[in-house]
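A quick write-up on the structure given underneath.
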């Protein structure tokens with residue numbers, strides 16, 4: 001349709017012609033997309049519209065130039081909030097609920113509500129929860145939790161042990177084991193309640209990156225700060241997601257329209273504090289099988305640090321290219337430096353400090 005208004009094939013048409021085109025075909029367009037298109041026309045100070053911006057919108061792809069045009073315009077999108085929509089189906093209400101739980105701007109909520117198709121579904125968090133936690137612990141280990149009082153507690157190929165730190169897979173696979181039913185239960189609840197909605201909005205690639213970065217930071221933090229202790233549990237990844245989400249809510253407090261946000265933050269913090277306090281108590285409690293100590297709690301802190309740095313940047317920049325964000329590169333560089341430092345620490349520090357490590361399992 002735009003080609004007839006652009007005979008010279010410049011890729012642009014005037015905003016006046018663009019508005020006339022929208023009015024002519026307004027009945028054929030989704031009301032939300034029509035609002036965004038009108039906002040695009042109103043916000044453009046150059047008096048012309050890029051054809052590619054129109055294509056990006058209609059194909060549910062957002063470019064940086066399009067986003068900036070909307071954010072810098074007069075935002076006529078405020079005419080009717082998504083929350084005021086009526087007659088929605090159960091699935092539509094769920095999508096709207098997720099939008100208000102995770103996104104601070106109305107334009108982003110409407111964009112997400114219009115474009116979300118549940119294809120692909122939030123497979124990463126669901127897979128990690130079901131396969132890693134229940135299937136492995138229930139079928140392979142023949143018990144649903146790995147009790148630290150059990151004789152076979154350390155005789156496992158997946159948990160991190162300081163004597164076996166050269167086996168690199170252990171820095172990741174320790175998340176498949178948990179020290180008690182309460183440890184498993186709290187991590188599963190937080191992971192599903194927070195991780196699944198975040199993945200529905202931000203996609204598996206971003207959420208899995210935050211999760212895995214928190215997991216790796218957790219085990220490396222233990223290897224640096226609590227060098228004699230083993231590690232089990234997914235708290236590093238879970239705390240990375242939850243702390244990033246909570247920090248994003250605090251930073252965008254006025255824009256977040258989720259119900260009972262203060263109560264929900266309080267509940268999340270209480271759950272995290274309870275689980276962290278339990279981990280600290282367990283770490284310093286006399287071990288059932290000395291000289292090996294109980295699992296370390298430092299993985300929790302490593303996950304929190306990833307969440308309030310890399311995680312916040314990822315959740316704040318919804319549908320924007322992270323490679324264009326300066327702060328993203330700064331925090332990513334800090335994370336890479338920490339990982340490299342921890343690798344060299346694991347190679348040289350243990351022998352230089354002449355630590356007395358617990359015997360290998």
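From the backbone N, Cα and C atoms, a Cβ is placed for every residue, glycine too.
Please treat TrEMBL annotations as automatic predictions, because they have not gone through curation.
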So which range, 188-206, 207-225, gets flagged transmembrane segment in TrEMBL?
207-225
Do any residues of this chain, six or more beyond the ends of the transmembrane segment (231-250), have a C-beta under 8 angstroms from a C-beta of it, and if so which?
102, 104, 128, 132-133, 146, 159-160, 174-175, 177-179, 183-184, 187, 190-191, 194-195, 198, 207, 210-219, 222, 256, 258, 261, 265, 268-269, 272, 275-276, 279, 295-296, 299-300, 302-304, 306-308, 310-312, 314-316
Going along the chain, which residues at least six beyond the ends of the transmembrane segment (296-315) come within the CB cut-off of under 8 Å?
102, 198, 202, 206, 209-210, 213-215, 217-222, 225-226, 229-231, 233, 235-245, 247-248, 251, 275-276, 279-280, 282-283, 322, 325, 327-328, 331-332, 334-335
What count of other C-beta atoms do you get within 10 angstroms of the C-beta of residue 235 (active site, nucleophile), across all chains shown?
32
Rounded to a whole number of Å, the separation of the Cα atoms of residue 235 (active site, nucleophile) and residue 300 (active site) comes to 6
Cβ neighbour count (10 Å, all chains) around residue 300 (active site) is 25
